[in-house]
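Peer 1: Let me give you the structure first, and then I'll get to my questions.
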């Protein structure tokens with residue numbers, strides 16, 4: 001098992017504390033913003049601001065980590081996240097909420113660097129399984145974070161924000177004391193920082209295989225975020241769930257992720273292969289999102305969430321693994337930075353689309369929109385399979 005290796009275990013612990021931090025507060029941010037008088041559309045703008053700034057910075061930080069090492073760039077990202085959570089804890093206006101998300105987005109590309117680190121220490125054959133470790137970390141974080149945050153937010157919104165800041169401090173300590181550098185800094189190599197550097201995007205989009213994987217990642221993230229960033233308001237309006245129950249639902253999502261990625265994923269890859277699993281994963285993912293349009297009770301919602309959790313837990317490491325294998329060992333930070341940059345674009349569009357639809361239409365419309373977008377990935381995977389057979 002990969003976690004028996006201290007390098008994997010260290011990055012695993014770092015990712016757990018990171019996920020615990022943001023899962024304590026971010027799922028409930030729309031409900032707090034609504035209390036401050038924000039419309040669903042404005043909530044979408046605030047949620048998108050983080051991803052906008054991350055889109056601009058993720059490829060740069062990924063490339064910088066290739067040049068100067070993973071550890072220093074990761075620490076800078078974590079400090080930015082810490083400042084963002086502290087500001088969020090003191091925020092009493094929508095402007096401060098927006099500013100806190102922007103600060104985190106500018107330098108807070110933590111997962112860009114940790115994913116590159118996993119690439120450094122894994123063989124190409126191991127990378128999908130290695131990225132499954134991130135999925136387990138997400139699962140554990142979401143098992144406890146939302147449940148605790150859902151309870152604390154009823155007392156004060158500041159409490160989970162400050163607790164998230166505390167978790168980030170723990171993450172910084174783990175990084176400083178336990179994480180071993182995998183990149184040897186090269187002072188002879190230079191890198192010109194640009195605010196919007198499209199060089200890396202153009203480079204990888206010229207490759208048909210890489211472009212296909214990046215498009216699948218984009219579609220998957222866009223469909224996911226239309227739902228995820230609307231989840232709190234959707235569940236509240238469609239089913240009548242309060243913050244406590246939303247926390248329990250997200251904890252259930254975390255539990256499913258742990259069970260599925262804790263060993264089942266690796267066995268499935270060995271038995272069926274990644275191509276077939278992607279086909280099945282995207283079909284199941286699309287069906288789960290479509291169910292949102294018809295759900296009106298607890299039972300239906302749990303069935304939908306179960307399908308969504310299993311399929312997204314399957315797809316995420318498979319897609320990231322495929323993208324990672326397309327790059328050389330010396331450009332893992334760059335190619336994952338491009339992937340994260342496109343992911344950020346999807347995370348910008350997703351909240352705007354989801355919350356705009358909630359603002360003007362019935363709640364179930366987000367399921368119809370997300371499933372139609374996901375259907376594009378089903379078509380893409382089908383075409384890719386036919387080309388491979390040919």
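Cβ coordinates are placed from backbone N, Cα and C, and glycine is handled just like the others.
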Peer 1: So which range, 73-91, 92-110, gets flagged transmembrane segment in TrEMBL?
Peer 2: 73-91
Peer 1: Does the transmembrane segment (360-382) reach the transmembrane segment (299-323), going by 3 or more CB pairs under 8 Å (6 or more apart in sequence)?
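Peer 2: Since fewer than 3 Cβ pairs under 8 Å link them, the transmembrane segment (360-382) and the transmembrane segment (299-323) do not come into contact.
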Peer 1: Assess whether the transmembrane segment (214-234) lies in contact with the transmembrane segment (73-91), where contact requires at least three Cβ pairs under 8 Å among residues 6 or more apart in sequence.
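Peer 2: Since fewer than 3 Cβ pairs under 8 Å link them, the transmembrane segment (214-234) and the transmembrane segment (73-91) do not come into contact.
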Peer 1: Which sequence-distant residues neighbour the transmembrane segment (299-323)? Criterion: at least 6 residues beyond either end, Cβ under 8 Å.
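Peer 2: Same-chain contacts beyond the flanks: 115, 127-132, 134-135, 139, 210, 213-214, 216-217, 220, 224, 227, 235, 239, 249, 252-253, 256-257, 260-261, 265, 268-269, 274, 277-278, 280-282, 284-285, 287-289, 291-292, 335-336, 339.
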Peer 1: Using Cβ distances below 8 Å and needing 3 or more such pairs, separated by at least 6 in sequence, tell me whether the transmembrane segment (159-179) contacts the transmembrane segment (276-293).
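Peer 2: No; fewer than 3 Cβ pairs under 8 Å.
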Peer 1: Which residues of the same chain, at least 6 past either end of the transmembrane segment (7-29), have a Cβ under 8 Å from a Cβ in it?
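Peer 2: Cβ under 8 Å, 6 or more out: 43, 46-47, 78, 81, 85, 88, 97, 110-111, 114, 117-118, 121, 130, 133-134, 136-138, 140-142, 144-146, 148-150, 152-153, 157, 160-161, 163-165, 167-168, 170-171, 174-175, 178-180, 231-232, 243, 246-247, 250, 254.
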